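> Let me begin by handing over the structure; questions about it come next.
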């Protein structure tokens with residue numbers, strides 16, 4: 001039987017064999033995430049429009065919150081209110097804010113940031129206008145509480161900004177949003193100095209509602225967050241939004257197909273207390289509570305010091321005491337001391353302080369990091385609260401208030417950025433909402449310290465503010481996660 005001749009095995013024949021049997025590699029299609037798209041598209045005209053429109057939510061929020069500080073002397077006299085009654089107005093505003101911060105955060109993670117932002121502005125504008133017709137103190141408190149409920153949803157504007165901004169621009173653009181809060185604060189103080197002495201506080205509230213109404217119309221130019229759409233599985237809407245951003249920025253989209261992460265349940269409160277985020281969440285809550293306590297404490301203390309002339313602990317002799325009733329049993333003093341033009345000037349100067357440290361704040365959070373920057377500014381805030389107790393001239397008081405406003409504003413800037421960056425998209429709005437809610441507990445307590453305790457003991461009130469700031473500084477320094485230069489997380 002004849003056999004087929006075999007070819008000798010050589011290196012060349014083995015190489016041919018290996019080349020002949022190699023299976024062709026299947027080329028996988030290119031894909032990209034929302035994060036890739038945001039970074040590729042870069043910063044441009046869309047982000048400028050986003051910054052102006054979403055930043056203006058800070059103007060409206062500042063006007064609604066600061067309004068209480070400038071109308072307090074007027075309603076104190078009109079309805080003959082005691083200290084605790086004046087403080088209760090601010091407390092109830094923040095009570096409404098606290099309750100609805102959680103609700104709006106849950107709804108925003110489920111149904112979208114844009115929808116909740118629009119609803120909150122419609123709500124706030126409606127009840128703000130109704131406040132101007134309040135027939136009594138009780139109605140005034142109730143309606144301002146409803147305004148607080150609406151204002152609590154304004155933080156969704158910050159989330160939308162954060163989710164559209166490229167990583168390297170977040171640390172610069174988000175602190176600049178403080179300009180809008182400053183503008184709102186200055187605007188309401190300026191309007192109050194003109195409107196209250198002429199046509200009254202009710203017209204001040206009506207005029208203050210106008211910016212919010214205008215902004216509602218402007219919202220149609222801003223789309224829903226692409227990150228939110230992708231996280232809910234709506235990649236088509238997310239892709240359309242990203243293409244619109246790229247076109248407006250005259251940029252290009254990354255090559256490939258937009259992919260979505262594994263879908264998770266959204267807006268679960270339990271996620272905030274998951275082992276991965278438990279310590280971060282608890283420390284953030286402490287910091288938010290303390291920062292809000294200090295911030296609104298400074299604002300209300302400034303108004304109280306000016307209204308009652310409590311510099312160096314002496315009450316003004318010029319306060320008019322109004323007693324309710326005809327009998328001697330009714331001893332309910334109401335200090336009718338309206339703000340003079342000089343008082344409005346002092347408030348304006350101290351308010352401008354909110355932007356004084358902005359350049360240093362931007363450098364700090366981008367070079368030192370969010371944690372260290374926040375711990376330094378909180379420590380300085382504690383120091384200046386104590387310095388405020390020093391007997392000094394009017395110029396000295398203005399200087400201390402100026403620095404305090406600068407520091408507390410820097411604190412808010414940093415904690416807003418950190419909170420928006422540390423949580424993933426699936427729970428970011430809820431994280432902001434719950435933090436904002438805890439924050440309002442501090443704001444609810446602040447009026448009773450600034451407007452009630454301060455009347456009895458300035459040193460006691462200032463030491464309390466300072467101690468809380470020290471606790472927050474330690475908490476900020478020991479936060480477990482640093483978000484400087486870190487990409488936004490899409491899923492948990």
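Glycine too: its Cβ is placed from the backbone N, Cα and C atoms.
These came from Swiss-Prot, pasted as-is:
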TRANSMEM  48-68  transmembrane segment
TRANSMEM  86-106  transmembrane segment
TRANSMEM  121-141  transmembrane segment
TRANSMEM  179-199  transmembrane segment
TRANSMEM  203-223  transmembrane segment
TRANSMEM  281-301  transmembrane segment
TRANSMEM  348-368  transmembrane segment
TRANSMEM  383-403  transmembrane segment
TRANSMEM  429-449  transmembrane segment
TRANSMEM  458-478  transmembrane segment
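Each of these features: where is it, how hidden is it, and who are its neighbours?
Listed as Cβ neighbours of the transmembrane segment (179-199) (distance under 8 Å, sequence separation of 6 or more from its ends, same chain) are residues 55-63, 66-67, 70-71, 74, 207-208, 211, 338-339, 341, 344, 347-348, 351-352, 354-355, 358, 409.
Listed by sequence, the residues of this chain that lie at least six past the ends of the transmembrane segment (281-301) yet keep a Cβ under 8 A from its Cβ atoms are 65-66, 69, 90, 94, 272-273, 374, 378, 381, 385, 388, 401, 404-405, 408-409, 411-412, 415, 418-419, 422, 431, 434-436, 438-443, 445-447, 449-451, 454, 461, 465, 468-469, 471-472, 475-476, 478-480.
Here the transmembrane segment (383-403) has long-range neighbours at 294, 298, 301-302, 305, 311-313, 346, 349-350, 352-353, 356, 458-459, 462-463, 465-466, 469, meaning same-chain residues at least 6 beyond its ends whose C-beta is under 8 angstroms from one of its own.
Sequence-remote contacts of a segment are chain residues at least 6 beyond its ends whose Cβ falls under 8 Å from one of its Cβ atoms, and for the transmembrane segment (458-478) they are 283, 286-287, 290-291, 293-294, 297, 301, 310, 313, 371-372, 374-376, 378-379, 381-383, 385-386, 388-389, 411, 415, 442, 449-450.
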> At a threshold of under 8 Å on Cβ distances, which of 48-68, 121-141, 203-223, 429-449 pairs most often with the transmembrane segment (86-106)?
429-449
> Please work out whether the transmembrane segment (203-223) lies in contact with the transmembrane segment (121-141), by counting C-beta pairs under 8 angstroms that are 6 or more apart in sequence and asking whether there are at least 3.
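Yes, since the transmembrane segment (203-223) and the transmembrane segment (121-141) share at least 3 Cβ pairs closer than 8 Å, they count as touching.
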